[in-house]
Amino acid sequence: MEKDADCCQDGAKTMPGAGLGTEGTETQLDDFVGAHPDYNEEEEEQKYFRRKRLGVIKNVVAASLAGTLTYGVYLGLLQMQLILHYDETYREVKYSNIQLEDIDHKVLMGINVTPVAALLYTPILIRFFGTKWAMFLAVGIYALFVSSNYWERYYTLVPSAVAIGMVIVPLWASMGNYITRMAQKYYEYVNYKEEQERVRAPRDACNAYIIIFQTIFYSCFHLSFVCAQMPMVFFLNNYLYQLNHTLFAVKHCGTLSHGTLPGFNKTVLQSLPRSVNLIVVESALMAAAFLAMLVVLVLCGAAYRPMEEIDMRSIGWGNIFQLPFKHMRDYRLQHLLPLFIYSGFEVLFVCTGFSLNYGVCTLGLEKLAYLLMAYGFSASACSSLALSMLRLRRQIPLLAGAVIHAGLLVLLFCWAPEPRQQAQAPLLYIVAALWGMGSTLNKTGISILLGMLYKNKERQDFIFTIYHWWQALAIFAVYLSSGLPMKAKLSMLLLTLVVAVGTYLWMERKLARRVEYRLPRLPRPRHKPCGYRYLEEDNSDETGSEDGGDQQDGRESPAGAARGDEQPREDGEQLG
């Protein structure tokens, strides 16, 4: 009994020590887990959003570089192969029994005809894969087109050309959507405190970033016309005849010409390039196309958060299919359609009509690359003029580009240069440079305008799809009319330009007068009970109230319409 009492006393004596040990352990744990004494939450938050902003800039530069490489490789390879296949000796010696000229016609038809159906599947493709992965898929198909030229046969060239035609609209629609979305994200990261405090941003808040990022993109993109001439400058020009041979039978140039350079010699190569040299050039182009794929894959981040992409897909594929057609009931898009069409007309005209019937007809085929390089350098440098939208009204750059092109079209309509007269080279280079200035003001201005008018991130893929689809239709029309006289082509361009300017100014006037416009409602996302998703019963084919920008814009006073912001009068119809 005494031993037990002593043991109890000893245990009682040790209890205070045990309590002190527990308190010491808790103190050490707090020191280990708790905030560092030098930790500054606001400073760390600033560093986090600074990294986010740098990531957005990296995405814009990477997407611009990928677009430049992709289009430059495609245009350069197509130009080189068409020149090689045009030569009778090359066709007879290397491909005597496969009718290569007929295959080229089918290739061009596949590239120009297939985009006519792009409006039916482009929004579905972008929503299914996501914006970034749609870009990656399209760039990969462009690389497939390059690889098909290693073995030039009907069953390699024509299917790859059809595949290219299928992804032309998805590629540039997703690019335009991606750049606009990056501008919106950059604004969110700059003004993250307002987002946290739920302070509503001004209506024109992200316009400055849309202008800057679209300018960066088009400054890089127009360099693709320069990159496309590298195979010709460093390789093909070494094998070409001089102009006295190739233009011997050409009688008329410029406005007096008909079709595509009639009388041009059927033999343009003074010696045939070796197959191994062609393989080296095509391998370099393939490497550039593969680099573009890697840039999109590794350096381009996602345009939307995963949950946002799931929500955008879950509105129903039937609705996604219908929404581009329903958006075209908006009078703003209807008034911009002639501008979209002219944008397609002018870019193909400068690459074919002007370059061949004016440039090659006067200076020879060996100067074609330098003429297009003058156009590309001028367009890239003058893209910075679009930054004037930061200070001036947005109409001014678009109208300036239209005035430049109108003056050049009148000049070209009255000008018939003499064949083989190289003394007229300075004027041709000036015309190419000025055309590049007007072209970049046109294209950059349209993309900026669409980003300003349609700020809702759930609509932008539809809007850019409509823009690039009409542009593709215009290119198809120019392809069909390639046999017309030059005066007819110039008249069609000038008429389209006048109509485009008139309808655009009419749209701006209606916005200034606060005329309401129609936008289809975006259905609510239909959520399925899949793990982390919550269950919400909803019919994907019914029109629902929108969340985000459009619903709020619809409650605003119509004063914002004068500034071109999205202020819809939504349709109350079913989308099913």
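Glycine is no exception: its Cβ is also placed from the backbone N, Cα and C atoms.
Features of the protein shown, as given by TrEMBL:
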{"type": "TRANSMEM", "residues": "56-77", "note": "transmembrane segment"}
{"type": "TRANSMEM", "residues": "107-126", "note": "transmembrane segment"}
{"type": "TRANSMEM", "residues": "133-151", "note": "transmembrane segment"}
{"type": "TRANSMEM", "residues": "157-179", "note": "transmembrane segment"}
{"type": "TRANSMEM", "residues": "208-236", "note": "transmembrane segment"}
{"type": "TRANSMEM", "residues": "284-304", "note": "transmembrane segment"}
{"type": "TRANSMEM", "residues": "336-356", "note": "transmembrane segment"}
{"type": "TRANSMEM", "residues": "368-389", "note": "transmembrane segment"}
{"type": "TRANSMEM", "residues": "396-415", "note": "transmembrane segment"}
{"type": "TRANSMEM", "residues": "427-450", "note": "transmembrane segment"}
{"type": "TRANSMEM", "residues": "462-482", "note": "transmembrane segment"}
{"type": "TRANSMEM", "residues": "488-507", "note": "transmembrane segment"}
{"type": "REGION", "residues": "530-576", "note": "region 'Disordered'"}
{"type": "COMPBIAS", "residues": "537-550", "note": "compositional bias 'Acidic residues'"}
{"type": "COMPBIAS", "residues": "563-576", "note": "compositional bias 'Basic and acidic residues'"}
Task: the transmembrane segment (133-151) touching the transmembrane segment (396-415) per 3+ Cβ pairs under 8 Å rule - done: no
Open item on the list: With CB pairs under 8 Å as the measure, which of the listed stretches 56-77, 107-126, 368-389 comes out on top against the transmembrane segment (462-482)?
Closed with: 107-126
Open item on the list: Out of 56-77, 107-126, 133-151, 336-356, what stretch is closest in contact terms to the transmembrane segment (284-304), meaning most Cβ pairs under 8 angstroms?
Closed with: 56-77
Task: Surrounding residues of the transmembrane segment (488-507) on its own chain - C-beta under 8 Å, 6+ positions past either end - done: 255, 331-332, 335-339, 341-342, 345-346, 349, 353, 395, 398-399, 402, 405-406, 409-410, 412-413, 478, 481
TODO: Could you pull out which residues elsewhere in the chain have a CB under 8 Å from any CB of the transmembrane segment (107-126), counting only those six or more residues past its ends?
DONE: 134, 137, 157-158, 161-162, 164-166, 168-170, 173-174, 177, 317, 320-321, 323-325, 461-462, 465-466, 468-469, 472-473, 475-476, 479
Open item on the list: Tell me whether the transmembrane segment (368-389) sits in contact with the transmembrane segment (157-179), defined here as at least 3 Cβ pairs under 8 Å among residues 6 or more apart in sequence.
Closed with: no
Open item on the list: Need a quick answer: max count of Cβ pairs under 8 Å to the transmembrane segment (157-179), which of 56-77, 208-236, 336-356 is it?
Closed with: 56-77
- [ ] For the transmembrane segment (208-236), could you work out the same-chain residues 6 or more beyond its ends whose Cβ comes under 8 Å from its Cβ atoms?
- [x] 60-61, 63-65, 67-77, 79-80, 83-84, 175, 179-180, 182-184, 186-187, 273, 277, 281, 285, 288, 368-370, 372-373, 375-377, 379-381, 383-384, 386-387, 389-390, 436, 439-440, 443-444, 447-448, 451-452
